[in-house]
Amino acid sequence: MDITTATYPPQKRTPSTVPSRPESKNGSAIELAHRHAGQGESVRSDDQAQVEVTPSKLSTSVERRYLASLFWVMIVCGWNDASSGPLIPRMQENFHIGYTIVSLIFVSICVGFFIAAGLNVLLIGTAAQMTAYTLMATPIPFPAFCVAFVIAGFGSGTVLSLAAAFIMKLPTRQNLKMCLFQAFYGVGALVAPLIATQFTSMTTQWRFYYLVSLGLATTSFAIISIVFRGKHENDLLPDLVEVGSVNEGLPSAATPNANAETLKKMNQIMRVKAVHMLAIWSFIYVGLEVTIGGWIVTFIQELRIDSSNESAYHSAGYVSTGFWAGLTIGRLAFIWVNNKLGERRVVFGYTLIALGLEFIVWFVPDLIGTAVSVSLVGLCLGPMFPIMLSVASKSIPRALAAGSICWIESLGQVGSAMLPFATGALSQAFGIRVLQPIIVSLLGGMAVAWGAVLWFTALDKKRWTSD
């Protein structure tokens, strides 16, 4: 979910809230599963192994078709992830459940993402999204509804991972194309709450929202089927010749001591303190992002709007739209600010501003002020994750970068499940008013974690220099 100015390790880049997986040497198939780490390709002895490509004969028009289809897939994924917030009150009313139980949808999505780590097939991913939305649109009980969210999470996980891997294997300007790819995720996340809000006034037909989602997923399935026609990346990008290892630092299955080499590499990663601090920061950040997007509508409806004012009550979902819009715009609009002030220090500034805005949301009982402040919080949060990835790519040795970023982003995905769920459980016990103290605490934790990141990256750099 994250537009970044970072120069990523050449082996991969996936959205912030998705567990990353390395690409295979022979090209992860659009219709075949990725191989797990340790089942990939052999390692060059030089830690600075690079991927060399020969000029591709891929025509501009064909590449544009590929990109357009993947951009549409990304819109559907952003749509999926931003849909829940405005609909949570309707889910509670329909299923007669409290905050704790409804929070299981966040856990379900995370479970689906991690299942996708082992089963990576693009066409199956889009089919899974269709299946999930079909189930959600029917009057099924809540346990089955959660299973549908697992399927949706699986679908998004497979699609995001393989699509990102495909783009990073294109012959030119991969980083620019990846930024555009992720920008379209923001488009989906921006539009979804707008549409979902229209269905919140429907007492029994609110599920029809998922028919709209089903239509988008069906379109995605059709486009992928027509454009890629079930072909492998090797067939779609025939003239890309890779020399060296895409998965830097990952041993080959053909290597006699492959398992031992994998364990050795993981042990090296686990000894890098900065990696763990970055992972902790990612855990808090992604969890905070999903917590705000998921629970702010309920907070507005319960504490900022008179329930007798039905028009305003059912329009609260637009606040979620403002948050996602701010998040998307912030990643683009503040690039020059990041470069001007320096990436490492500007995160503290964004965090402090977001803290001040959250205190306004907490203590000023005004609907308009709350809505504007939430949007500005999204604007402040937007640039942070790309900055984190940039710092990680510059601070971690290239040979350890693939596994390290995978660990960092995976822990972020865990945060996207645990923190919204914990917020729901606390809201069940103490009321939704606990949302703002939780958000303020998480922002404070982010500031502390970022300070630790800078401290340990400096220490690790000195250690590597001395070695």
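Cβ coordinates come from backbone N, Cα and C, glycine included.
Remember, predicted model here, so these are calculated numbers, not experimental data.
Copied over from TrEMBL, here are the features:
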| type | residues | note |
| --- | --- | --- |
| COMPBIAS | 1-19 | compositional bias 'Polar residues' |
| DOMAIN | 274-467 | domain 'Major facilitator superfamily (MFS) profile' |
| REGION | 1-28 | region 'Disordered' |
| TRANSMEM | 97-122 | transmembrane segment |
| TRANSMEM | 142-167 | transmembrane segment |
| TRANSMEM | 179-196 | transmembrane segment |
| TRANSMEM | 208-228 | transmembrane segment |
| TRANSMEM | 274-300 | transmembrane segment |
| TRANSMEM | 312-334 | transmembrane segment |
| TRANSMEM | 346-364 | transmembrane segment |
| TRANSMEM | 370-392 | transmembrane segment |
| TRANSMEM | 399-422 | transmembrane segment |
| TRANSMEM | 434-456 | transmembrane segment |
Legend entry - the transmembrane segment (346-364) and the transmembrane segment (434-456) contact flag, 3+ Cβ pairs under 8 angstroms: yes
Taken over the domain 'Major facilitator superfamily (MFS) profile' (274-467), the predicted model's pLDDT averages 88
Comparing 97-122, 179-196, 208-228 for Cβ pairs under 8 Å with the transmembrane segment (142-167), the winner is 97-122
The answer for the transmembrane segment (97-122), taking Cβ pairs under 8 Å and residues 6+ beyond its ends, is 18-19, 21, 28, 30-34, 36, 81, 84, 88, 91, 142, 145-147, 149-159, 161-163, 224, 228, 290, 294, 298, 413-414, 416-418, 420-425, 427-428, 432
Lying 6 or more residues past either end of the transmembrane segment (179-196) yet within Cβ distance under 8 Å of it, the residues of that chain are 1-4, 15, 67, 70-72, 74-83, 85-87, 163-164, 167, 209, 212, 293, 297, 317-318, 320-321, 324-325, 327-328, 331-332
